[in-house]
Every structure is written in structure tokens, then in C-alpha cells.
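The structure under discussion appears below in the form of C-alpha cells.
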Amino acid sequence: MKQETWSRIAAVRHQSPLVHSITNYVVMNNTANALLAAGASPIMAHAHSEMEDMVAIIGALVVNIGTLDEYWVKSMELAIAQATALGKPWVLDPVGAGATPYRNEVLNKLITDYKPSVIRGNASEIMALASMQGQTKGVDSTNAAEEAMEAARHLQQATGAVVCISGATDYIVGNDKLVALHNGHPLMSRVTGMGCTATALIGAFCAAHPTELFEATVAAMALMGVAGEIAAEQAMGPGTMQLHFLDALYILQPEDFIQRLQITQQQDAFSV
Ligand SMILES: Nc1ncnc2c1ncn2[C@@H]1O[C@H](COP(=O)(O)OP(=O)(O)OP(=O)(O)O)[C@@H](O)[C@H]1O
Ligand SMILES: Cc1ncsc1CCO
Ligand SMILES: [Mg+2]
């Protein structure tokens with residue numbers, strides 16, 4: 001399992017897949033650099049006139065609604081429609097789901113009209129999306145993590161997407177599959193757009209493994225966590241954390257990755 005996860009990281013380095021992101025102004029530079037450090041090739045574009053042609057040449061599409069507006073939402077729809085037509089994976093980052101009616105309306109439309117291949121958000125975003133997709137409040141949940149897990153499962157069933165909840169522990173939910181990753185460091189949440197970076201890396205891994213989206217998502221989040229942990233050991237604070245994180249993505253070797261990776265998997269089990 002750990003060796004197989006490493007082989008997916010090596011495949012991204014080897015294949016250097018082209019990842020098209022329509023993402024927010026805040027994180028464009030961070031995510032492009034993270035993709036490069038992991039061995040992928042980033043392109044950011046949103047002009048309506050080039051969406052079809054751009055999506056024709058990429059391996060995967062990442063849609064992040066962080067700083068959405070009406071023009072960009074149309075770009076997203078054009079790009080997603082083309083990705084769907086060409087059978088290419090597309091990954092959704094529902095930044096700020098639940099924060100405003102406009103965000104919710106856009107997200108609900110994207111999820112309902114064009115099914116994402118993978119959705120990655122933090123617990124509150126995943127819970128907001130699940131309630132938009134008809135989930136009634138969980139009656140069984142006894143704690144926040146369990147509530148988020150029920151939401152992720154609901155969202156997975158409603159959309160068919162692989163659903164990732166990121167946080168201190170990352171959970172990846174597929175159809176009858178659940179993996180938990182226990183790496184990472186609290187300093188990661190002090191750098192803007194680490195979640196967006198996670199989603200961009202998922203895009204790269206899906207591009208390299210288009211028929212194994214669950215495993216691709218696990219590998220991308222495993223890389224995030226291990227690189228984050230290594231970076232935190234070197235960093236003095238958020239500034240150097242950002243720099244060391246890019247270096248860790250680039251330098252990481254299989255021995256260190258396998259030694260550090262903390263992964264647990266459950267089949268057919270959705271209790272946390
Ligand atoms: N307390 C923590 N301990 C370990 N890892 C963490 C912690 N908090 C976040 N992470 C890691 O940081 C990355 C980003 O996850 P997070 O849930 O913070 O995303 P987010 O809320 O969408 O962030 P943003 O919106 O700022 O991009 C993931 O790889 C996650 O595993
Ligand atoms: C701070 C911020 N605002 C909109 S997007 C973004 C980056 C983190 O998602
Ligand atoms: Mg986020």
C-alpha cells in the first residue's frame with residue numbers, strides 16, 4: 001500500500017501531467033509552484049475564447065471557486081463541459097461553501113449539472129455541500145468528525161465523486177472505500193491556500209492516473225501530509241514553512257516517504 005502510493009508520486013514526476021486550474025487570485029502562484037515542485041506542469045487560464053482548446057490539451061482540470069465572479073463561473077462551466085465531453089477528470093475545491101448564497105448557488109449548479117471526479121474541502125465545506133445535495137442533519141453523529149464523515153459519504157453517493165475531507169486527519173471517501181491519513185502539521189493551516197494546493201495536486205495525480213481516481217487522491221494527500229511534516233521541522237514560522245514545503249515536495253525520496261506515511265484503510269466502514 002505504501003509502496004504503491006509512492007509509485008503514484010513517482011508517476012507524476014515521470015509523466016509531468018499538464019494541469020489546468022481555474023483558481024483564485026490568492027493562491028495562483030503557490031499552487032503553480034507546488035505543481036512544478038511535485039513534477040507536474042501548471043497552466044492557469046480563464047478566457048472564454050480559449051477554454052475548449054485549453055481543455056483539449058490538458059490531463060486534468062481543477063476548478064476552485066475562491067474568488068469567483070460571473071465571468072469566471074462561465075469559464076468554469078465551459079471548461080467543465082469540455083472536460084466531461086473528452087472524458088478528462090475534473091476536481092472541485094468548494095472554497096467557502098456555505099458562506100454566501102451566491103457561492104452555494106454556483107456550487108450546487110456545478111455539482112448537479114456536471115458531476116465532479118473529485119471534491120476536496122475542509123469539514124465545514126463538505127458539510128455545506130452535503131446539505132445542498134439533500135442531506136438532512138445526521139441523527140446518529142456524536143461528534144464533529146463523524147458528522148463530516150456522514151456528509152462526505154452522502155456527497156459521494158449523491159455525486160459519484162471521490163470526496164476528500166482535509167484537516168488534522170485527511171479522509172478520502174470512495175464508493176465503499178475509506179482511507180485516513182494522519183500526517184501533516186498545524187503550521188500548514190497558517191499558510192494561505194494549502195487546501196487549494198492539495199486540490200491542485202489531486203488534479204495532477206488524477207491526470208497521471210485517470211482510471212484510479214480514489215488511489216490518485218490518496219497519493220496526492222499523502223504527499224501533502226508528508227511534505228508538510230518535513231517542512232514544519234525546518235520552518236521557523238509560516239513564511240519559511242511555505243518555502244520549505246515546496247522544497248520538501250521536490251526533494252522527497254521513497255525511503256523517507258514510506259517511513260513517515262501514516263495511512264489507515266477501512267473497507268465498507270464509515271465509522272471514524
Ligand atoms: N492541524 C493539522 N494537522 C495536520 N495537517 C493539517 C492540519 N490542518 C491542515 N492540515 C493539512 O493542510 C492541508 C490543507 O488542509 P485544510 O483543511 O487546512 O484546507 P483548507 O481549509 O481548504 O485551506 P485553505 O482554504 O487555506 O486553502 C491538508 O493537506 C491538511 O492535511
Ligand atoms: C483567502 C482567500 N480568499 C478567497 S480564496 C482564498 C485562499 C484560500 O482558499
Ligand atoms: Mg480551502
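Note: Cβ is positioned from N, Cα and C throughout, glycine not excepted.
Per TrEMBL, the features are:
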type: BINDING; residues: M44, G193; note: substrate binding site
type: BINDING; residues: R120, S166; note: ATP binding site
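All features noted in TrEMBL, drawn onto the structure.
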residue : record                 : Cβ within 10 Å
M44     : substrate binding site : 16
R120    : ATP binding site       : 32
S166    : ATP binding site       : 25
G193    : substrate binding site : 23
| query | Which of these binding-site residues (M44, R120, S166, G193) have a C-beta closer than 6 Å to some atom of ligand 2? | reply | G193
| message | To the nearest Å, how far is the Cα of R120 (ATP binding site) from the Cα of G193 (substrate binding site)? | response | 13
| message | Can you give me the Cα-Cα distance between M44 (substrate binding site) and S166 (ATP binding site) in Å, rounded to a whole number? | response | 24
